[in-house]
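Peer 1: Handing you a structure now.
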Amino acid sequence: MEIMYILIGCSVLLALVFLCAFFWANKSGQHDDTYTPSVRILFDDEIIEEEGK
Amino acid sequence: MAAIKEEVQRIEKCFHCGDRIEETGYCLDDHDFCCLGCQTVYQVLQDGGMQQYYRYNQHPGKSNKEKQADFSYLDEPQIATKLVDFKDDKMTIITFYIPAIHCSSCIWLLENLYKLNPNVLQSRVDFMKKQASITFNHTLLPLKDLVYLLVNIGYDPKITLQDVVKEGNKNNLNPLVAKIAVAGFCFGNSMLFSFPDYFGMGAFEKEYASFFGYINLAFGLPVLLYCASDYFKSAYVSLKQKRLNLDVPLALGILVLFLRSAFEVITQTGAGFTDTLCSLVFFILIGKWVQQRTYYHISFERDYRSYFPVAVTVLTENGDKPVQLADIHIGDRILVRNNEIIPADAILLKGDAAIDFSFVTGESSPVSKTLGEIIYAGGRQTGEAIELEVVKPISQSYLTKLWNNENYKDYDKHFQTFVNFISKYFTVVLLAIAFFAALYWAVDGSANRAWGAFTAVLIIACPCALALSSPFTLSAALSIFDRNKFYVKNTAAIEQMATIDTLVFDKTGTISSPKATSIYFEGALTTKEKKLLNATCRNSSHPLSREIVKWLNVSSDIPVTNFKEFPGKGMTAELAGQVVKVGSANFLNIGKIKTDGSVVFVRIGDELKGYFTMEQAWRAGLSALIEDFKPRYDLHLISGDNDRRLDALKLIFPSAACLIFNQSPMEKLGRIQKFQQEGKHVCMIGDGLNDAGALRKADLGIAVSDDINNFSPGCDAILDGESFSKLSDFFAFSKDAVKVIHMSFGISLLYNIIGLSFAIQGIMSPLFAAILMPISTVTIISFTSLMTRWYAKRHKL
């Protein structure tokens, strides 16, 4: 059952990677504006639809 | 029938901004517009192939009736460099605050600016902050032209001195988010590593028990040292000041949790409480985060600098030149145009000055000044452009002094919150129970059990639920207020609102609306004369003429010959063989007549028929609002204006109310102070600079504003003029919000009593703590959120 120690080590390491990813995202400003992208993503679609007509 | 009605309503609305169309004549491509401004914007967008703008939303624009500002100062490199974020040889990046951003069409249009002008390289909108960050080629498109481009499409950026002064408030990373992330990470992991112990381990698995224990302890360490550090600091400070805030029992609980866990793990006597520790810190940090909600687009801390313009036109021998305010010196000749603010105390040299001081002093009617008279800073010129000579630098002018007055400062309000009040007693009782339990078991002779009971009490009674009840209740209340256009500065201000028992109103701009005027006619008019007057005034686009036409309420088809309008004076017309003259007293050669407010005289033929006076109308629902307040609050009115409408106000306000007029800003502040000395909890409701001191001195200052993006003095809450009639509901709701806090405190006490009954016996298991803590937290969060919304519904908010 020594494999337990390795598995636990791996799982904690993986979780740490996700924590670092969160810090990086936060620092690079991904959470500064949480609303506008949700509107922005709708624009392109409508234009394409219009051109198709 | 309904369809027809809808059709009629649709046609009456401006295609661009959706305002009601009051006069026809602006029509393009089968679309009606309310004003030339809206039509121009439509045309600009049409020419640029941006019709898409009108497809995302109905009436996406904002009204363009207001006068355009002068942006020529943006050509001054000194001013421009203070505004831009980044500049190199080819391009400039600038972030504008654009209050008009309000819908998806706005985002679309502003992010497609490059289609209108290819020199705009990139633009990006932050909707919540109402900001647009624009990258443009400044060699081909100067900053001024970029601003005019925005103005032409109806998105005037708001450029104020405070923006110029603004220090890089960007990249203001919130360390709280990082702490929550770490606490959440440790919480999840330590919970997983605690499961084996909770579910029971077989004999051969026992070798892992200490390993899991140490791993858990490793997760607890960053939570204790990093995430919870603020609580220890705060507890230390509060102990030093010999007052007990809620952070003391919290910090104590966290510390004891860690020490007992470490002790149990190291001595291998138990599994420890690390997961409880992590979850506790995680939840209380979330509560803190919820409380820290901020409004990006509203400033509660504005001062005179954001009221003043960025620059003013100085007349020099080499022509006009825009100069930033800080560089204005005594002796400079400045030009102030219609609707511009006089930035410094100055002497009038040329032109007809009619200065609107309503924002500074509360006087509702413009004051006319003669040549050579000193005009104090802060007034707004209405009428033609005037020339002035500066006599005092900005830093020493009347308005700036008023603002920097010592009496206005140092009112850092300390709101007494319920949690602060209760935490004193809570801590004392908690410690007493812990010592009593320890003593009991120590006397009984079992030291282990004494230690167990002592720590268990401190752990289980840790006021986690209590710490969460008020942030969650009040932040829910905050968002409900927000939805109703009442913007409260922070959660503590809501609790303060519930304690208020005296309301003091300002008059001009607060209970009367600067946008709505009512018109009165002194004299008598026959129907025929009304028709003559209507035919005359119809030809003028002056707002007062429009008001008169509305008041006359007759239709006439009398042909008008020889109509002449003299801006700022009046108009003449010949019709049906009569000469009709409408205008100011000077224009009609009447001589001095004692009147107040804007007055328009009417002469038909040789006979003076009478005059119209304009008054700001009361806000809609004022009487009903006062009626609502009457039984529960003391109501008063303090105005900087004269008492000419006293009789009307006496009918609205209760007989016990003080109605005081002609008050200077300092006297207003003094009145508030006097009420406070009588033991009253005073709320000041005002709007202008003259209320600034009173707003700050009062226990709660509410600024009323018809456009929340415009200047409003420093205050605790900003009320949109539209929601003025809901004010009594807001006050009632704030009381209910505090009631919810009290109830949730009761619930959290109940949980504490259950937990304590086990803890004092010294038989609390880690599993019990790990279950009780989240359950009590979830109960409190859902109870407060649901109850607050239920109360809001009852008040129809």
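Even glycines carry a Cβ here, placed using N, Cα and C.
Residues or ranges marked as domain 'Putative metal-binding' in TrEMBL: B:13-87. Taken from TrEMBL, the feature domain 'P-type ATPase A' applies to B:309-403. The feature transmembrane segment is assigned by TrEMBL to B:176-196, B:208-232, B:244-263, B:269-290, B:425-443, B:455-481, B:740-761, B:767-792.
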Peer 1: Can you tell me which parts of the same chain pack against the transmembrane segment (B:244-263), counting only residues 6+ beyond its ends and a CB-CB cutoff under 8 A?
Peer 2: 216-217, 220, 224, 228, 231-232, 234-235, 238, 269, 272-274, 276-277, 280-281, 284, 419-420, 422-424, 426-428, 430, 455, 458-459, 461-464, 466-467
Peer 1: Need a quick answer: max count of Cβ pairs under 8 Å to the transmembrane segment (B:455-481), which of B:208-232, B:269-290, B:425-443, B:740-761 is it?
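Peer 2: Out of the listed stretches, B:740-761 contacts the transmembrane segment (B:455-481) most.
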Peer 1: Give the mean pLDDT for the domain 'Putative metal-binding' (B:13-87) on the 0 to 100 scale.
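Peer 2: Residues in the domain 'Putative metal-binding' (B:13-87) carry a mean pLDDT of 77 in this prediction.
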Peer 1: Would the transmembrane segment (B:269-290) and the transmembrane segment (B:425-443) count as touching if the test is at least 3 Cβ pairs under 8 Å, pairs 6 or more apart?
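Peer 2: Taking Cβ pairs at least 6 residues apart, the transmembrane segment (B:425-443) and the transmembrane segment (B:269-290) are not in contact, as fewer than 3 fall under 8 Å.
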Peer 1: Let me spell it out: take the transmembrane segment (B:208-232), skip the flanking residues so only those 6+ beyond its ends count, and list any with a Cβ under 8 Å from a Cβ in it.
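Peer 2: Apart from its flanks, the transmembrane segment (B:208-232) reaches 179-180, 182-183, 186-187, 189-190, 193-194, 196-197, 201, 247, 250-251, 254-255, 258, 261-262, 264-265, 268, 271-272, 274-275, 277-278, 281-282, 284-285.
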Peer 1: Could you give me the DSSP helix, strand and coil counts for the domain 'P-type ATPase A' (B:309-403)?
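Peer 2: For the domain 'P-type ATPase A' (B:309-403), the helix, strand and coil counts are 12 helix, 38 strand, 45 coil.
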